[in-house]
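Novice: Below you will find the structure I want to go over with you.
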């Protein structure tokens with residue numbers, strides 16, 4: 001039987017992003033895609049954050065990130081704030097470092113309770129890095145549309161990698177389009193060989209942007225931290241926003257600061273604890 005049986009987990013929330021944190025640092029075991037899907041059947045989540053023993057010196061853990069369809073992701077900003085809250089609760093440190101498949105991540109306690117800042121790293125804009133299936137010299141706006149050629153419903157998104165691929169469509173009203181219908185079509189468009197997170201973004205002013213996101217491997221979500229980061233940097237590249245902006249998502253607000261000194265993207269927002277539980281052994285009979 002899979003040794004995940006009876007392991008403790010924490011159910012958490014990152015401004016509407018449903019997160020499960022599974023701390024395996026003291027007794028590590030591999031988590032398969034089937035096991036990740038099985039866990040989602042007991043406690044529904046958007047992302048499963050698995051803490052494994054640290055690999056790099058000075059880090060608190062190596063983080064594996066799973067979507068609820070069992071696929072693995074390189075980045076989840078809202079999930080990282082939840083991880084930070086859990087790990088900070090056992091220490092008086094003001095800063096912690098973690099490692100993921102995307103590299104090293106720094107986290108800090110915020111000025112207010114349950115507020116945390118995560119360094120999401122440096123965004124990538126090269127078509128090979130996002131990645132895209134075709135060469136685009138300028139990924140600030142790529143050739144992609146939904147709808148008739150002469151009257152497209154959505155068109156010319158910005159493309160960005162924040163450790164995972166994002167496409168941001170600029171619209172006047174994020175609620176005027178059926179993202180539940182178009183999201184899966186765009187997520188799986190051939191232009192995105194690794195699929196993509198699809199975001200609708202409305203620029204209110206140079207310091208405030210409203211977004212909705214269809215999250216790769218998840219679907220419609222109340223919050224996607226990496227999408228907020230991708231939107232902020234894409235707007236700056238288009239000269240339509242300042243380097244520090246407020247991003248409003250259905251689940252709440254995030255502050256994104258694209259630091260000019262080193263191009264790192266800092267994301268600040270809330271994380272909350274909901275409940276603890278143990279994994280049902282019956283889930284893993286066929287998921288080992």
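Note: Cβ is positioned from N, Cα and C throughout, glycine not excepted.
Relevant sequence annotations retrieved from Swiss-Prot are reproduced here:
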- 17, 47, 67, 77, 78, 164, 197, 215, 216, 225, 226: substrate binding site (BINDING)
- 76: active site, proton donor (ACT_SITE)
- 224: active site, proton acceptor (ACT_SITE)
Novice: Are there any residues in the same chain, six or more apart in sequence, whose C-beta is under 8 angstroms from the C-beta of residue 216 (substrate binding site), and if so which?
Specialist: 67, 71, 73, 164, 165, 187, 195, 196, 197
Novice: Cα of the residue listed as 'active site, proton donor' to Cα of residue 226 (substrate binding site): how many Å, rounded?
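Specialist: The residue listed as 'active site, proton donor' and residue 226 (substrate binding site) have their Cα atoms 6 Å apart.
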Novice: Which are the residues of the chain, 17, 47, 67, 77, 78, 164, 197, 215, 216, 225, 226 excluded, whose CB is within 8 A of where the CB atoms of the substrate site average out, their centroid?
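Specialist: Result: 46, 73, 75, 76, 79, 213, 218, 221, 224, 227.
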Novice: Work out how many Å separate residue 78 (substrate binding site) and residue 224 (active site, proton acceptor) at their Cα atoms, rounded off.
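Specialist: It is 7 Å, counting Cα to Cα.
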Novice: Cα-Cα, whole number of Å: residue 17 (substrate binding site) versus residue 224 (active site, proton acceptor)?
Specialist: 7
Novice: Return the residue, from the listed binding-site residues 17, 67, 197, 226, with the maximum count of other C-beta atoms within 10 angstroms of its C-beta.
Specialist: 226
Novice: Going by a 10 angstroms cut-off between Cβ atoms, which of the active-site residues 76, 224 has the sparsest surroundings?
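Specialist: Counting other Cβ atoms within 10 Å of each of the active-site residues 76, 224 gives the minimum at 76.
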Novice: For residue 78 (substrate binding site), list the number of other Cβ atoms lying within 10 Å of its Cβ atom.
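Specialist: Other Cβ atoms within 10 Å of residue 78 (substrate binding site): 35.
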Novice: Provide the three-state secondary structure of residue 78 (substrate binding site) computed with DSSP.
Specialist: helix
